[in-house]
Ligand code: NAD
């Protein structure tokens, strides 16, 4: 009964999950209680509501949030999500994860996140543009290149970042590309940003495979989610000689132990649906994808998919969390006991914010790098961070997630002390 209650809380509340993760890591290094208490809450959360004229002439009032968790090391940074299920608690939790993600890759940022309750799938382009411009205007006092720098997240994209940069620049009366990242390249977006999350994830997978003494060539891979993160990861892993045996999206899952034809899957995804692939390779229950006997499992879709219910059936050697929050804390314990190497989200998907940081640096310098230069710098950042986490996991005999939090917490605590906060 107690276990079921724990699982119910874990599955539903990302805010409590991140607080548990902070407590777990803080215990390992005996972190001052004051620092833990500061980090368990966001510094500032702004709630805004704003009217937007819809295409039919009516006025709709939208609600949105911007959470700034901690700015000890630098301005806060994190995406803006447009989704009907956005909640204040979710935005706060996501901003906290961003603090630890920036810390683990040693970026001079704290964590931020934003969200607007809306469903872009049912809105026209013009309506989305008006919501985007109104939202950035509503939070314009608290964002800025040296305050808080948003980026894309679920259902927001480079075009939306372009509109937001334009509105912010008009309010300030000056071109301000450094206020937001993930922009179209012509107005200051970085080369390599679109592929950065998956590319960074693949760099960590390559290091993890060396750690467990396996080759990437011929390794089998299952990927849950075939969007920006999952699809690019499939391509990059296939380039490295991996065999992509399973992929899924919100409609269903495909599995061929001899390897899927990735070009076919991509074409079907673009033109109709992946389930138009040969039906003998459909998985009846898409959740079975997580339990396949593969070398590498990449959850790249949703939160809370590996839980107490299925963790004991997971057979992969390595789980690389391209998605944010796919594993619950109790499932983590089971995976660790089974000897599965979990590359945690705050490390595995940190390539996105790392190249966002590169974009911001290029905007501030007004000097732009080639894609090769961006990818080289990303590789170096991801490999250095992976080894910092891996070494610490060995030193304290702890799982990689706790180790990643420890790496991050040490940096944030040092900055808070240096600024005299504690
Ligand atoms: P996306 O919207 O481009 O793709 C999400 C994919 O997941 C889609 O293919 C969708 O069909 C699929 N999906 C939805 N429900 C599913 C289900 N029940 N089973 C299987 N697949 C399902 O989003 P994205 O940008 O690829 O983000 C995916 C995850 O990666 C999210 O957790 C996001 O927070 C995380 N992430 C993304 C980035 C980035 O730069 N894109 C950076 C860091 C973290």
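Quick reminder: no glycine exception, Cβ is built from N, Cα and C everywhere.
Note that TrEMBL annotation is computational and uncurated.
Under the heading active site, proton donor, TrEMBL lists 113. Feature annotation from TrEMBL assigns substrate binding site to 77, 101, 356. Annotated NAD(+) binding site per TrEMBL: 197, 228, in sequence order. Under the heading site 'Important for catalysis', TrEMBL lists 153.
Distribution of TrEMBL features across the structure.
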residue : record                         : Cβ neighbours (10 Å)
77      : substrate binding site         : 28
101     : substrate binding site         : 27
113     : active site, proton donor      : 32
153     : site 'Important for catalysis' : 22
197     : NAD(+) binding site            : 26
228     : NAD(+) binding site            : 19
356     : substrate binding site         : 28
| remark: CA pair residue 101 (substrate binding site) / residue 197 (NAD(+) binding site), Å rounded to integer, equals 12
| request: Pull out the recorded positions from the set 77, 113, 197, 356 whose C-alpha sits within 10 Å of the C-alpha of residue 153 (site 'Important for catalysis'). | output: 113
| request: Could you check which of the recorded positions (113, 197, 228) sits closest to residue 356 (substrate binding site), going Cα to Cα? | output: 197
| Taking the center of the Cβ atoms of 77, 101, 356 at the recorded substrate site, which other residues in this chain have a Cβ no more than 8 Å from that point? | 78, 98, 102, 107, 109, 111, 151, 350, 352, 353, 354, 357
| note | The recorded positions listed are 113, 197, 228; by CA-CA distance, the one closest to residue 77 (substrate binding site) is 113
| field | Cα-Cα distance maximum in Å, computed over every pair in 77, 101, 356 that the record assigns to substrate | value | 13
| message | With the Cβ atom as the reference point and anything under 6 Å counting, tell me which of the recorded positions (101, 113, 197, 228, 356) are near ligand 1. | response | 197, 228
| request: May I ask you to report the DSSP-based helix, strand or coil state of residue 197 (NAD(+) binding site)? | output: helix
| Pairwise Cα distance for residue 197 (NAD(+) binding site)/residue 113 (active site, proton donor) [Å, integer] | 17
| In whole Å, how far is residue 228 (NAD(+) binding site) from the residue listed as 'active site, proton donor' when you measure between their Cα atoms? | 19
